[in-house]
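Here is what Swiss-Prot records for this protein:
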type    : residues                      : note
BINDING : Cys29, Cys214, His239, Glu243 : Zn(2+) binding site
MOTIF   : 31-41                         : motif ''HIGH' region'
MOTIF   : 272-276                       : motif ''KMSKS' region'
BINDING : Lys275                        : ATP binding site
Amino acid sequence: MELRLYNTLTRSKDTLRPLDPANVRMYVCGPTVYDHAHIGNARPVIVFDVLFRLLRRLYGEGHVKYVRNITDVDDKINARAAERGITIRDLTEETYRWFREDTAALNCLRPTVEPRATEHIAEMRTLIESLVASGHAYVAEEHVLFHVPSMPDYGRLSRRPLDEMVAGARVDVAPYKRDPMDFVLWKPSEAGIPGWPSPCGIATPGRPGWHIECSAMSWRHLGETFDIHGGGIDLVFPHHENEIAQSRCAFHTGVMAQMWMHNGFLMLEGEKMSKSLGNFVTIRELLAEWPGEVLRLAMLSTHYRQPINWTRQGLGFAAKTLDKWYRIIGEAEAETGEGNPFETEIADRLADDLNTPSVITHLHHLAEVAEHEEASSALRRRFKGAANLLGLLGDTETGWRARQKEAIALDEGVIAGLIADRLAARKAKDFKRADQIREELAAQGVVLMDNKDGTTSWEVSR
């Protein structure tokens, strides 16, 4: 089976040809651990989990190494710890635990390695000193900066004109820079801010810049070059562009990673998600209302490279779909491996640039087959095994029902709020919205009953 993936570097679908098929290597940029992860953060986690599962099927579980870093040194972390009056270590440990719990609820496999930036300072210093020695970086006022003009094909990934790169680089304008595009590899730490012995003979303790962290961790765990580098589309520039510059110039290689993959943006009910708009929602908040599997199916219903509009209606549809699928499989065990033709059909579709919408459409077809054919026992096992490749249907019908009720029991306040919204919509004669709320709740197993006195009560239907 040939795996073709869209490569941001070439702007085309390329066939993955691992540098070493016995050791396929993938790096994905992970979270900065200072707060609860929002639903936008869940998209790359789920997308690259699906790719990890597919790679393991194609090359063998013991032949794929998936590295997703943890950024635990960052100015946002310092500010949040000071705001909360706790130590930086306590903050990063707490938020990393939250992230682990959230991703487990989304049924994501643990990466092979989850390196922390603070545990790779030595590798960062080594890279920085190598870049200075080769003329690609320089020391200025206790900072070390990468000199962008030293790399003739800088910008190859993002393909932005120079003026756009300068405008979008988010770099500080400092008089000690040789060029406005130059970016920080190392900076001094003020009192009370984490600091380590600096490279290049700088006497003041300091801390790394953001970009050098990923270059160091990918080098330490995957080598100078590797197969796949992934992340959100917002990381193409400047983060991934700068990673490439650092790594290629340090190791004198033509590429850092063969494939660069990026997932699209997430919108919330048609709007950009932001705290200022009051529509910022965390994974944990959504998990209080819906089983994680619902979030996962809703996320995979849109192709990973396309923008996704995250809506309650979409979540309701995903919940209804899973309800039907679990009813079909009942308590069946999954049949996995090459002997399951359903799983092979799913793998074929995923091999076309992780075409999860096509996979889900085909799963709907397989569900109908498993539901109506006479040899339904074997077909149910195969259907479940096929869905497992997408990280779905890992439970039994009994377990699914229990998780639904558990989510509902945790969220009576949310249900009450939706009922109030529905009553307001009915009063305003917005019957379409009122019906939509009823359907959303029904998808979660909540049945509404309109009473003669104008109030609405509810009960769990399953």
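Each residue's number is its place along the chain shown, starting with 1.
Placed from the backbone N, Cα and C atoms, the Cβ positions cover glycine too.
Secondary structure of the motif ''HIGH' region' (31-41), assigned with DSSP and counted as helix (H, G, I), strand (E, B) and coil, comes to 3 helix, 2 strand, 6 coil.
His239 (Zn(2+) binding site) falls within a helix when secondary structure is assigned with DSSP.
Annotated Zn(2+) site Cys29, Cys214, His239, Glu243; additional same-chain residues within 8 Å of its Cβ mean position, judged by their own Cβ, are Trp210, His211, Glu213, Ser215, His229, Gly231, Leu235, His240, Asn242. Under DSSP, Cys29 (Zn(2+) binding site) is assigned to coil, being neither helix nor strand in the three-state scheme.
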